[in-house]
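Here is what TrEMBL records for this protein:
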type: DOMAIN; residues: 1-65; note: domain 'SEP'
type: REGION; residues: 77-109; note: region 'Disordered'
type: COMPBIAS; residues: 81-99; note: compositional bias 'Polar residues'
type: DOMAIN; residues: 112-138; note: domain 'UBX'
Amino acid sequence: VHVVLKLWKSGFSLDSGELRSYQDPSNAQFLDDIRRGEVPAELRRLARGGQVNLDMEDHRDEEYVKPKSVFKAFTGEGQKLGSTAPQVLGTSSPAQQAENEAKASSAIAIDESEPVTNIQIRLADGGRLVQKFNHRHR
């Protein structure tokens, strides 16, 4: 676990957390451990028996300013469609595959005056199809 302890005029903060007062009795043990050069129990619990890397920053001549929250674009998890090893339904000849690709390409109307992207589609038989789409396609 990597933690940054910032010392401010009126208190301290851990990473980008809230300001914790030097005067608050609940912070007394934490501060005593720091003064003795020990890792506070609160941080040892956070590491669950692992290593704690504690960096300290001295801002004691500054007032605490709450940091702006960091934007996280995506915090969810991905989902896989289908099985990890798809069954091969059947093999097609290269001529049949080319005909199928031509049919698929002709079904999409591309407007070259708008932005275009390529999407590669992997097929169940192991083949692939690269298709052009406009950004507006769904």
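Count begins at 1; order follows the chain as displayed.
Note: Cβ is positioned from N, Cα and C throughout, glycine not excepted.
When the domain 'UBX' (112-138) is classified with DSSP, helix, strand and coil residues number 0 helix, 14 strand, 13 coil.
Applying DSSP to the domain 'SEP' (1-65) sorts its residues as follows: 18 helix, 20 strand, 27 coil. Confidence for the domain 'UBX' (112-138), expressed as mean pLDDT, is 84.
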